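What follows is one structure encoded as structure tokens, with my remarks underneath.
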Amino acid sequence: MGGARAQVNKAHKTRFASKSSRNVHKVSSKDKSRIAKPDRNLTKGARAARLQRNKMMREQKRDALLKEKRASSGSNSPPRVIVLFGLSRSVDLSALEQDLLKLLSADGTGVVYPAVASSEYKLRATVLKAPHGDLLTCMEMAKVADLIAFVTSASSSNEKDCYIDAFGSHCLSIFRALGLPSTAVLIRDLPSELKKKNDSKKVCTSSLSSEFPEDCKFYPADTKDDLHKFLWLFKEQRFSVPHWRNQRPYLMAQKVDVVADNSISGKCTLLLSGYIRARSLSVNQLVHITGAGDFQLSKIELLKDPCSLNVRKGGDLMESDDMNEAQVISCLTPDPMKQEPLLVENVPDPLAGEQTWPTEAEMAEAERNQEERKLKRKTLPKGTSEYQAAWIVEDSDADVSESENEEEDGMVLDEGENALNTQGRMDEFELDDDQASLALVSDEETETHSMMMDGENLTREQMEEEIRKIKEAHAEDEEFPDEVDTPLDVPARKRFAKYRGLKSFRTSSWDPKESLPQEYARIFAFDNFNRTQKHVLSRAREMEQNVDECIPAGSYARLHIREVPNGVANKLNLVMKTMPVTLCGLMQHESKISVLHFSLKKHDSYTDPIKAKEEMIFNLGFRQFVARPIFSSDSFNADKQKMERFLHPGRFSVASVYAPISFPPLPLIALKIKDDATPATVAAIGSLRSIDPDRIILKKIILTGYPQRVSKQKATVRYMFHNPEDVRWFKPVEVWSKCGRRGRIKEPVGTHGAMKCILNGVLQQHDTLCMSLFKRTYPRWPEKWFPMTDA
């Protein structure tokens, strides 16, 4: 019925088949033993390898955890730093500090130096009390704290500020930006009745739990038993510190001394005594004192620990006379061949780009090349003399000239831009004398900074007027960004001689080495920053292995810092009375100046406008320096970034500065000083992003004009320029309108700067015609590098 398409099924095995045919697919037991099973063996081997690898990882983690615990809580570890911070002004920190010191000290007096050693708790600790209202001191204490104990009062629930006031909330946001170490909350003034005490603690915990990390514990801290329980838990606690603090060795000075240096006038040797923390410190590496600058070490003295846990019952603690003359165990001096040089700026050679007389080797090479050219045979037409043959160009030269002509012919589209750039640069040099005599010609007017007069010469009314102008400029920049008015009395081709047009901001090329400022001859750059950072970190680890040059972490040492200015040393002695003086070791290259880029966000508490190129104090980890940043956007799909005149709130921008090199990750706290009478306030927070002098930041200005007459796709526009020469000068640059039209300038009309434009659509009468111009901008070189040094 189906014919050839009928289904044909496989024939069924017959039961009359022979035994040999029925068992042909089976394998004998002898052959089974000889046949290997690679898949099963492979799976078994992979499982064994996986189990062994997991076992090794567990052992490594266990060893690392044990090593960390011994380093943080062993007898060789430095004393733990406990910072008491009051969340509100009503909290009494002095009473809590005395209670803690009485529990920790051996004699119960609470008088300790430089730390307290408790044989009962087998613990050494330094207790610091953060002054309420002093933001800078609280920030410096938080940088060195192993534990921040936030103290609140249960009786504050009935007050207006509740458990945490405005200053406490402000400091807490700064601590988060720096990176919180281990935290705990101590609750004081709880009721004595048990039920009310538990209820008050629950209310306080529920109110404050959202402000702190999840692992933060809440402890009552009224009685001696409460503090005793807290200290036992504190002793067994595993501490977590920010990652950036473990990258470099640092020292919190317990004592500051000054030794006069007669060999160098105005300089002295600064002596800082304290415990080396985090990592081993090499005598050959540079050190940075917060706010004072970078220096070299002349000597490191390893001293007997004045606060040891291994004391006899009779008492072996150092008396006050012995502390002034500490026992020196060993002394390390730097090796001149290995010591890191204190190199800050590159010394530019003014003759580096000049034409010099050729050397004898260069002249000999030129003669050889000339002889080789003479030996080459040229194909000459008949009747050509030697004189005529000398003027005939070789094929290679002809090819080069042809390729050059082809390149020139192929750049017709960008010819206008290049002509504008070249002619603009030539006129710029020709008109320098004219520009110096004109107030408006100087490009400083369109810069984002304002050169304010000295504070001594300003009256109160002048200061208020200056602040009002800055605020108006900030509001205008938000409403009409980048728009600039063309001056009436200065030609636009002179006023904007440094600017150029771009066909596309994203795709048009811009040479990063073109027309660099003089400051770029004084900075350093990396060929490959990531590779250099890996090399520097591995070199730092190798340096720590050299026991002959390093003081191990946890040791009590005296650092001799040479060539410190006398004024800086005196300021450090004054600062020591109110806040900790911190010293940190620097890695290779970290004293040199380069262009650093930070991811920066304006702090919510700072309401005043922040203009570009204004002086700010950058706190980068333990380092502190003065900078004058410029702000820019962050575009991932372009190699050029747009400059921003102000740091706008609510979003991140990139701040670029001239500053000493630092290797990320590092947190940033940017401070702003309004005047000498008021202390510095936190203006912005962020982190270090990269080091790249080749990052192109373009300042954009927009010239605007308004349509006078419109006829189909043609329009007559006025008030963008004020003379026909300016119209011809900017003719190659593309124009666009706010309603989305694009076009070009055709010709000037009349003698007052009006121009005829051709667009890709009809221009509306209410529309505005715009022209975008760009120039590369750079940070400003600061007058001084560090806050404590003189300009």
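Residue 1 is the first one shown; counting continues down the chain.
Just so you know, glycine gets a Cβ as well, placed from its N, Cα and C.
TrEMBL labels come from automatic prediction, so no person has curated them.
Keep in mind that what you see is a predicted model, and the values were worked out from it rather than measured.
In TrEMBL, the annotation coiled coil applies to 453-480, one of the ranges 369-396, 453-480, 481-508. Here the compositional bias 'Basic and acidic residues' (56-71) has long-range neighbours at 77, 238, 553-554, meaning same-chain residues at least 6 beyond its ends whose C-beta is under 8 angstroms from one of its own.
Sorting each residue of the compositional bias 'Basic and acidic residues' (56-71) by its DSSP state yields 16 helix, 0 strand, 0 coil.
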